[in-house]
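Comments concern the structure below.
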Ligand SMILES: Cc1cc2nc3c(=O)[nH]c(=O)nc-3n(C[C@H](O)[C@H](O)[C@H](O)COP(=O)(O)O)c2cc1C
């Protein structure tokens, strides 16, 4: 299907969500995490953990594609490099209700390299283009790519631009650029998020030179000022670790960039109660939900005690909402806490 207004991605709320997104993170951005982030940042775009296309097609979809309706706009990130399989998985994801299907061209792990997907695909633009074309033909939502600048000793901007041009010609209009290379030998995935130098200027140049493309910058964005500064150059900022470890940052950015009211940490957390109780009634354990909140009161009075009450208590059998109230009670949430450090609105 051609890209355009008939796609579900033509929706205004989805389009506006490009400014602020939370990165796909394995073992972290599960559905419980995304629901928490949604309550903190009503306008942000959320991403699942990477799921291999093969698992989507053959695996336990109820578990792998678990998603709560409150999560929209939410993208499913796929891994893989077989166009037909990716197309099938993209169709399943779109039918499942995801607003976007994103292809992972950034993961450097040995396992992923052995499977010939992730970051090593930076060296195979034609295969990525074929994959994107097959996925876009199979589903009615935008197909996007999250990539690196290159791999190993790729240091030519022209090579990165040629990669993007090849993939864009196949129907991808949206690129999330983790603005550093992936070093495929000798670095762990964790080191690959820290050691190769950041070059935001490549993402900026891409937006300047290809203004019709949507460019989102990712990598090392540590605070609200840095995030806001990127919006002078590109369409959006994607935050990973900073958003996870300091989820209140998401709330402040969302309020500043989209004009919502600033709430309190305790109020946002209490808004999770119906979701938590529904999940507990279905057999979920509190620890699997509350693990995503441990950084919520980071830097606040009582923040450490909040973390301790939750992390120790949530493991006990039968832990329920009363534990969350106990954790909130040890904090000194103040209504004005976020207002004291306003985030600049982007120009
Ligand atoms: C625990 C963890 C898991 C990650 N898993 C994925 C993943 O599944 N797919 C992906 O594209 N990137 C993944 N990443 C990379 C992030 O999406 C992001 O590109 C990277 O952390 C840089 O952004 P940041 O500096 O804001 O964290 C992961 C990062 C972390 C910390």
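Any Cβ shown, glycine's included, is placed from N, Cα and C.
TrEMBL annotations: computationally assigned, not manually curated.
Copied over from TrEMBL, here are the features:
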type	residues	note
DOMAIN	22-320	domain 'DUS-like FMN-binding'
BINDING	24, 25, 26, 77, 146, 178, 218, 219, 220, 240, 241	FMN binding site
SITE	104	site 'Interacts with tRNA'
ACT_SITE	107	active site, proton donor
SITE	190	site 'Interacts with tRNA'
SITE	193	site 'Interacts with tRNA'
SITE	304	site 'Interacts with tRNA'
SITE	307	site 'Interacts with tRNA'
Problem set entry | Other C-beta atoms that fall within 10 angstroms of the C-beta of residue 24 (FMN binding site) | 27
Problem set entry | Listed recorded positions with Cβ under 6 Å from ligand 1, out of 24, 193, 304, 307 | 24, 193
Problem set entry | Cα-nearest neighbour of residue 307 (site 'Interacts with tRNA') within the listed recorded positions, 26, 107, 218 | 26
Problem set entry | Whole-number Å value of the largest CA-CA distance among 24, 25, 26, 77, 146, 178, 218, 219, 220, 240, 241, listed as FMN-binding | 20
Exercise. Which one is closest to residue 190 (site 'Interacts with tRNA') in space, judged by CA to CA distance, out of the recorded positions 24, 104, 146, 218, 241?
Worked result: 241
Problem set entry | Cα separation, residue 220 (FMN binding site) to residue 193 (site 'Interacts with tRNA') (Å, whole number) | 8
Problem set entry | Among 26, 107, the most crowded of the recorded positions [Cβ within 10 Å] | 107
Exercise. Of all the recorded positions given, namely 104, 107, 304, which is spatially nearest to residue 220 (FMN binding site) at the Cα level?
Worked result: 107
Exercise. When you tally the Cβ atoms that lie within 10 Å of each candidate's Cβ, which of the recorded positions (146, 193, 307) has the highest tally?
Worked result: 146
For this session: List the Cα distance (Å, whole number) between the residue listed as 'active site, proton donor' and residue 146 (FMN binding site).
Result: 9
Seminar exercise, completed: When each of the recorded positions 190, 218, 304 is scored by other CB atoms within 10 A, the minimum falls on 190
Problem set entry | Stretch-averaged pLDDT - the domain 'DUS-like FMN-binding' (22-320) | 97
Problem set entry | Winner by Cβ contact number (other Cβ atoms within 10 Å) across the recorded positions 104, 220, 241 | 104
